[in-house]
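Asks: Just lifted these from Swiss-Prot, have a look:
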type    : residues                                               : note
DOMAIN  : 30-188                                                 : domain 'Helicase ATP-binding'
BINDING : Gly43, Val44, Thr45, Gly46, Ser47, Gly48, Lys49, Thr50 : ATP binding site
MOTIF   : 96-119                                                 : motif 'Beta-hairpin'
DOMAIN  : 435-601                                                : domain 'Helicase C-terminal'
DOMAIN  : 641-676                                                : domain 'UVR'
Amino acid sequence: MYGITGNGYRLVSSYSPKGDQPKAIEQLVEGVQRGDRWQTLLGVTGSGKTFTISNLIAQVGKPVLVMSHNKTLAAQLYGELRQFFPDNAVEYFISYYDFYQPEAYLPALDKYIAKDLRINDEIERLRLKATSSLLSGRRDVIVVSSVSCIYGLGSPEEWKAQIIELRPGMEKDRDQFLQELVSLHYVRDDMKPGPGKFRVRGDIIDLVPAHEELAVRVEFFGPEIESLQTFDMQSGEVLGRDDYAFIYPARQFVAGEEQMRHAMLAIENELAGRLNELRGENRLIEARRLEERTRYDLEMMKELGYCSGIENYSRHLAGREPGDRPHCLLDYFPEDYLVVVDESHVTLPQIRGMYGGDRSRKTILVEHGFRLPSALDNRPLRFDEYVGLVPQVVCVSATPGDLELEYSGGVIVEQLVRPTGLLDPPVEVRPVKGQIDDLLGEIRKHTARGFKALIMTLTKRMSEDLDDYFRKTGIRSRYLHSEIKSLERMQILRELRTGEIDVLVGVNLLREGLDLPEVSLVAILDADKEGFLRNTRSLMQIAGRAARNSEGFVVLYADVLTRSIREVLDETSRRRKIQQAYNEEHGIVPQSIIKSVEQVLNTTGVADAEERYRRKRFGLEPKPERLLSTLIDTLTAEECYSMAESLRLEMQEAALKMEYEKAAYLRDEITKFEHRANEAGKGI
């Protein structure tokens, strides 16, 4: 068992650094300790980049923000880091919306689209837990986040000022404490309290902090707190007595009474000025619309201390000047934290693009009287603001982009040697003429040895036609592109991994996360058509899909040796020489990563569940309700959420077709899956 203890972190792993990992870890640690603001880790597919970063975190001892460009990869990183750091605060911060339709207005159609959303309570709890851990003073905090971390949050100073500290023996009036809970947006629920709720039984107040699952019991004796206990709200079992407790706000946007009063006054003043401006331009409809909406929001803020869309008034609530950047998750970190940007060639451009899209949509809302101009300041960070905020950054990618190379000064830390000894697959360029027949021969050669193939085409139509041709020639093939629903994509991937099909044809197979050990052949048709999916980085990324197999081989069909192809050939040759030399020096024989069918089914079980569920639902098997109940009990929380999402789309389609009975039936099924998901999630 390998481990590192010290600097507040405890890293635990069943394996130790191998290959290029020790050298990469040493160089990254030296860079952080030297004060380098930007570093780039170039790690080939399968080289163990996450383990390298975990060693870096353990050795430098700083709070860490790990950024990923989508929720799925963020969840994977969160799971891996929790395993590496079981005793430390590994937190998860992504958008808490299961569904989100932003507020928008389409002037050409004179159509207003109201904000529509559905919040995932568990993710909201995890977000609050992340901010709570950061403000608790702990140094051993790792937050895994999507780009949600650059969007507006409440002020950390105000949020921290609202925290309630409780200790046995301290003087505190019971009624005053209840008022404080309500001001922090806790809700009284004497029947079924959960996170962010409390119940009152005489001098005993039970509450579940918004970021926790266990409850706190506060017992009063006269004007003071007699005792604090932690207990399980479901079973009632007391788990222990506490010497103190901190109650954090139940929402990200909180404001004290005085701050709220100043904010409402500022909103009134801005509204008056904007109404004069609109009326002066004879835009009476816009003026009336803005006045009605804003006054309604002000009334809600006055009565409840909150309103729907309160984030649009965040500039006034925080007392910021026009144009000032909003507070975000980065402000909750101490000054010396470390940022790790995973898949930086995608994540950094995504960060850079967030501001423009958000401002374009909100400018239209402001122009047509749906929002005050201050709503423009409820926005994600601009890229220059992001760069100015982050103290030290480590970019991680198999194909670093221009941005990270520029900020790193062109200096990169390479991790080219895999612990498994696998080499980058050889790349061969072949002429376009006769490419299909040649490809057919290669496919048969590889599938005869029990391996699989990935084929990249230029268009969706080409992928469908090629798949049809392969089927006619006896090749077990499927096509995969953006028009195929997510659950069906998962089922297709499962079929590839379990041996039901041998070939996958698609346009952009990069986004599928196809790190499949069974794939030994990657073929790219029309590789000389320069563009987004035929540039150097895309070609290197797709070639890496064959890097987990010792028989990996890449074919580029091209008549012209473009700059991108030359760079791929040169870089692959360079890497193979380094990897081969290391293997010879250490006597390593490359071996493919092999997974059992059981492991494959575990990772793609949601597709299997979808198939079984549909059979039961359409009466292909007896007693569907009994069997459905049995099926649901076998699913994980993630699988249940995926099933619920699939059914929700069908429910919406049924409602649009006025098939209300079917929609109601689907609604009930969704409720079952969501209930099971919540139960399964508690067992994680």
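Glycine residues also receive a Cβ, built from the backbone N, Cα and C atoms like all the rest.
Remember, it's a predicted structure, so these values are computed and weren't measured experimentally.
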Asks: Between Gly43, Gly46, Gly48, which of the binding-site residues has its C-beta surrounded by the fewest other C-beta atoms within 10 Å?
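Replies: Candidates: the binding-site residues Gly43, Gly46, Gly48. Fewest Cβ atoms within 10 Å: Gly46.
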Asks: Across the domain 'UVR' (641-676), what are the DSSP residue counts per state (helix, strand, coil)?
Replies: 33 helix, 0 strand, 3 coil
Asks: So which other residues, same chain and not among Gly43, Val44, Thr45, Gly46, Ser47, Gly48, Lys49, Thr50, have a Cβ within 8 Å of the centroid of the Cβ atoms at the ATP site?
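Replies: My list of surrounding residues reads Thr52, Ala398, Gln415, Arg418.
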Asks: With every protein chain in view, what's the tally of Cβ atoms within 10 Å of the Cβ of Lys49 (ATP binding site), excluding that atom itself?
Replies: 22
Asks: If you draw a 10 Å sphere on the Cβ of Thr50 (ATP binding site), how many other Cβ atoms land inside?
Replies: 17
Asks: Give the helix, strand or coil assignment DSSP yields for Lys49 (ATP binding site).
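Replies: Lys49 (ATP binding site) sits in a helix per DSSP.
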Asks: On the three-state reduction of DSSP, what should I expect for Val44 (ATP binding site)?
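Replies: Note: Val44 (ATP binding site) is coil by DSSP, not helix or strand.
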Asks: Identify which of the binding-site residues Thr45, Ser47 has its Cβ surrounded by the largest number of other Cβ atoms within 10 Å, counting every protein chain shown.
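Replies: When each Cβ's neighbours within 10 Å are tallied, Ser47 tops the list.
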Asks: Might you list, by sequence position, any residue in that chain lying six or more from Val44 (ATP binding site) with a Cβ less than 8 Å away from its Cβ?
Replies: Ala398, Gln415, Leu416, Arg418, Asp424, Gly544, Ala547, Arg575
Asks: Mean pLDDT over the domain 'Helicase C-terminal' (435-601): what is the value?
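Replies: So the average pLDDT across the domain 'Helicase C-terminal' (435-601) works out to 84.
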